[in-house]
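Working notes, structure below.
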Amino acid sequence: MSNELPAVICLVGPTGAGKTAAALHLAERFAGTVINADSRQVYRDFPIITAQPTAEEQAQCPHRLYGFLETEARMSAGVWGDHATAAIDEALAQGRLPLLVGGTGMYVRALLDGIAAIPAIPRDIHVRWQERCAAEGPQRLHAMLCDIDAEYAARIHPNDRQRVTRALEVHEHTGRTFSEWHRSAMPAPRYRALRIGFAATLDALTPRLAHRIDLMLAAGALDEARRARVHCDDPSAPGWSGIGCAETYAHLVGSLDYEAMRHVWLHNTRAYAKRQLTWFRADTRLTWYAPDDVEGIALGVASFLRGGA
């Protein structure tokens, strides 16, 4: 890829791997702007539950695309890409280094590699699948998706109503799977990207994830969920589908007791981290670092900015 393209640094990896701390270090060292690339951290009502950077962290350098979306609003790779492109171009115009930080690999891939031009889905198809999901539950529809598109189904949570129904709608309307559409996307490079992956094993992550959930609960995750219900009390809303959001909602309405909520939250977080690791390990363009090797990461970024690999 031409060195004349503007440089973008991508910090990706599983949830809880330490991406935020590394991003802050790089932002200070290279005058960076941190741009969210996590599909859950866009929601305004859930800063604690989705582990958004704290106010103190965000005060250290410019942050973009955190907590700007209402709970009932939908986000897609294409819409996020438009927002991210604007944020990247803003940073570049200010002479700052764009740092894309997050665990939603599909978003980063769509931005950097191009996105499939999937036709608009007719409203009747969309409504039918939404009604079916409400009646049968997302897990049953996810099982259907496994038969249709096992590759994509393996990358999303069985309770992710938005992505499960979207994939089924696309298949019904176009006759092609989501995976087929993604593979057909034409590359449209606008940036020269260094893709940094955070190497972590699931066994090493699990105790960190459990501790992080306990910290979230101690910091007021349940109060946060209570306030979110005032704004939107529809558990099928996109914002509530996130891990941690769905479990706290279930606890607040009496479907899960406290310990069950915590157990399910950790189980789902661990399963999500496993899917993220599978996704990112399949991308041979990533350069891998230990999560705490901030100096090594900084040296790699400096080399890249000088025109290295």
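First residue shown is number 1, and so on along the chain.
Here the Cβ of each residue, glycine as well, is placed from N, Cα and C on the backbone.
The shown structure was predicted, so the numbers you read here are calculated from the model rather than taken from an experiment.
Look at Swiss-Prot and you will find GLY13, PRO14, THR15, GLY16, ALA17, GLY18, LYS19, THR20 tagged as ATP binding site, backed by sequence analysis. DSSP assigns ALA17 (ATP binding site) to coil in the three-state reduction, outside any helix or strand. Within 10 Å of the C-beta atom of ALA17 (ATP binding site) sit 26 other C-beta atoms, taking all shown protein chains into account.
Around THR20 (ATP binding site), taking its Cβ as the centre, 18 other Cβ atoms fall within 10 Å, counting all chains. Among the features that Swiss-Prot reports, substrate binding site is placed at THR15, GLY16, ALA17, GLY18, LYS19, THR20.
Mean pLDDT of the predicted structure over the region 'Interaction with substrate tRNA' (38-41): 97. Annotated region 'Interaction with substrate tRNA' per Swiss-Prot: 38-41 (among others), in sequence order, evidence recorded as sequence analysis.
Look at Swiss-Prot and you will find 162-166 (among others) tagged as region 'Interaction with substrate tRNA', backed by sequence analysis. Counting residues 6+ beyond its ends, the region 'Interaction with substrate tRNA' (162-166) has Cβ neighbours under 8 Å at 74, 76, 126, 129-130, 133, 138, 141-142, 145, 156, 178, 238, 241 in the same chain.
Within the same chain, residues at least six positions away from THR104 (site 'Interaction with substrate tRNA') with a Cβ under 8 Å of its Cβ are ALA37, ASP38, SER39, TRP80. Under the three-state DSSP scheme, THR104 (site 'Interaction with substrate tRNA') falls in the coil class. According to Swiss-Prot, the site 'Interaction with substrate tRNA' annotation covers THR104 (among others).
The feature site 'Interaction with substrate tRNA' is assigned by Swiss-Prot to ARG128 (among others). DSSP assigns ARG128 (site 'Interaction with substrate tRNA') to a helix. Annotation for ARG128 (site 'Interaction with substrate tRNA'): no spatial neighbours, criterion Cβ-Cβ under 8 Å with sequence separation of six or more.
Note on the binding-site residues PRO14, GLY18: the fewest other CB atoms within 10 A surround the CB of GLY18. Under 8 Å from some Cβ of the region 'Interaction with substrate tRNA' (38-41) lie the Cβ atoms of residues 50-52, 65-67, 75, 80, 101-104, 107, 242-243, 245, all in the same chain and six or more residues away from its ends. What surrounds the substrate site, by Cβ distance within 8 Å of the Cβ centroid and not counting THR15, GLY16, ALA17, GLY18, LYS19, THR20, is the set GLY13, PRO14, ALA21, ALA51, GLY103, PHE198, PRO291 from the same chain.
Report note: the ATP site is defined by GLY13, PRO14, THR15, GLY16, ALA17, GLY18, LYS19, THR20, and the residues of the same chain whose CB lies within 8 Å of the CB centroid of those residues, excluding them, are GLY103, PHE198, ALA200, PRO291. Listed in sequence order, LYS19, GLY103, GLY197, PHE198, ALA199, ALA200, GLN276, PHE280, PRO291 are the same-chain residues at least 6 apart in sequence whose CB falls under 8 Å from the CB of GLY13 (ATP binding site).
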